[in-house]
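Copied from TrEMBL, the annotated features are:
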type	residues	note
TRANSMEM	A:23-45	transmembrane segment
TRANSMEM	A:94-113	transmembrane segment
TRANSMEM	A:133-153	transmembrane segment
TRANSMEM	A:174-194	transmembrane segment
TRANSMEM	A:206-225	transmembrane segment
TRANSMEM	A:255-278	transmembrane segment
TRANSMEM	A:298-318	transmembrane segment
TRANSMEM	A:338-356	transmembrane segment
TRANSMEM	A:368-385	transmembrane segment
REGION	A:392-461	region 'Disordered'
COMPBIAS	A:435-451	compositional bias 'Low complexity'
COMPBIAS	A:452-461	compositional bias 'Basic and acidic residues'
Amino acid sequence: MTSFLAQAQEPMTRAEVLADDPVWLILIKVVALFGFGVLMTLFMINWERKVVARMQHRTGPNRVGPNGWLQSLADGIKLAFAEEIIPTSADRKVYWLAPVISATPAFVAFSVLPFGPQVSMFGEQTYLQLVDLPVGVLVVLAASAVGVYGIILGGWASGSPYPLLGSLRSAAQVISYEIALGLSLFAVVLYAGSLSTGDIVDAQQGGWFALLLLPSFIIFVISMVGETNRAPFDLPEAESELVGGFHTEYSSLKFALFFLAEYVNMVVLSGFAVTLFLGGYMAPWPISAIGDGYFNTGWWPVLWFVAKMLIFLFLYIWLRGTLPRFRYDQFMRLGWKVLIPANLVWIVMIAGVRAINTSTDVTTGQKVIFGAVAILLIVLLSLLIPEKRVEEDSGVPTTGGGYPLPPLDLEVPKLTPRQAALEREQRRRKRAEVGAGASTAGGSSATTTDGTGKEADDGNV
Amino acid sequence: MPDDIAASGGLDAYLPLVMLLALSFGFAVFSVAIAPLVGPKRFNKAKSEPYECGIEPSPQPVAGGGRIPVKFYLTGMLFILFDIEMVFLYPYAVAADAVGMFGFIAVTIFIVAITIPYVYEWARGGLEWD
């Protein structure tokens, strides 16, 4: 009873408003979110093809529908009526299950993304968000982690070498970059003081975390691309090495589900990035100042949210159109040896700054000591980084064609004076035997034309 | 305390999430199930062999307890180490202002303790891919 009274007096929190939603409203939101995911996928495939085409001086799809915008829909319908080929070596049950495991969690992650503030939907006050969980951030991480199961089971169940290798790569890649991704969220959670996505958006009213926590933002964006297996980190489906990667043996709608999962994951992580770092659904600065924050109320924020999301989706396309694919060892090195240590140092730094600023009993002198210790630690840590090894090259020098060459500084060994004298004596005797008429001319020619003789003369002088 | 659970949403708060899960799961199962029904069936023995760019399929790498490069297992183990670190860091991040300086020093010791094996692993070459 007392808690009920307290609730009536205070303004209801986001979670309480959402918990009050009637079932029909929840159903509308669920269907809308699902539809949003599918529509964004169809749009994204087309957009990607068009933008990449423009980057390569082509036109891209322009036949189906206005300006070719229905191409991906046509492709999707066509896939449904394509023949399904299951290899004889496949493990049938797991083969069927894998696309389902891949696609389902991708959609679930949508549920915690806040699309807008409190609005009135059909006379019911609610937030434009499905649920506001106290652990919302973890739901997105968990969903992207479960998605790996779909990929690795799909590759394994195909019973074929290329899919197996692709799925193993993918699993190693996703778990490596998930650490970088998770650690980059630490700073955001620290400054928002909550794991709830709604609270994180509210905490950014003073300024976007992308500006305040720039290193975290950069690391997040890099690992976001690695997490979704997109170019330049699309090693699981590197067509030049692995044919198609984990979905080589998939066809028809099962293949379409993998495709859908990949694109929905991109959309979800873009929305997640917007929520965590770009102020979520709130309007960007000059617009937010208009009319005392009018554009931050009602249905307007959906526009800002989708617009910011499209920035990240464009970034995905841009990267794909610009950068060549990484080599696998380079890729793992970037994750384990650059992103994670940088993240750890940054976390300790920011947590320290936060702890010092919030605690009252720290004097300025102590702050200086703390700063000095921190800098000392960073210097010591940087000493631990091993020096770059210079590869020794003592082999036979090769030209561009790769053919071995003999050493170019080859020297003809000089004769000793005694050897030279003996040789001269021998030649003189020979000439004396051949004829006396040529003896004077032959003597001079022996010193000029004969290579070894000339060398010997030089040695004597 | 039941009141606290109710205030933080409780398990009821997860109901919409479960509904979205059910819808997407249903959609996925429907797609997987409908595909063989609406698609054509033109059987061909060569089509159902595992794809290996046209050459004779190699002996299956997975069927008879085949081998997988050990690097992947090592990566998995490293992941567990860091994932646990990550999971322990989140509660601190949420409660950082409440635990103050003491909490920061404790968490720094924790991070250093994880970093020592990490540096060791690096020095031993465990992070080199090949």
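Just so it is clear, glycine is given a Cβ too, placed from its N, Cα and C backbone atoms.
Automated prediction, rather than curation, is the source of TrEMBL annotations.
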When only pairs 6 or more apart in sequence are counted, do the transmembrane segment (A:23-45) and the transmembrane segment (A:255-278) reach 3 or more Cβ pairs under 8 Å? yes
How about the transmembrane segment (A:206-225) and the transmembrane segment (A:368-385): do they have 3 or more C-beta pairs under 8 A, pairs 6 or more apart in sequence? no
Applying the under-8 angstroms CB criterion, which one of A:94-113, A:133-153, A:174-194, A:338-356 scores highest with the transmembrane segment (A:368-385)? A:338-356
Near the transmembrane segment (A:174-194), which same-chain residues lie under 8 Å Cβ to Cβ, leaving out any that are not at least 6 residues past its ends? 134, 137, 141, 144-145, 147-148, 151, 200, 203-204, 209, 212-213, 216-217, 219-220, 222-224, 226-227, 229, 233, 276-277, 332, 335-336, 339-340, 343-344, 346-347, 350-351, 354
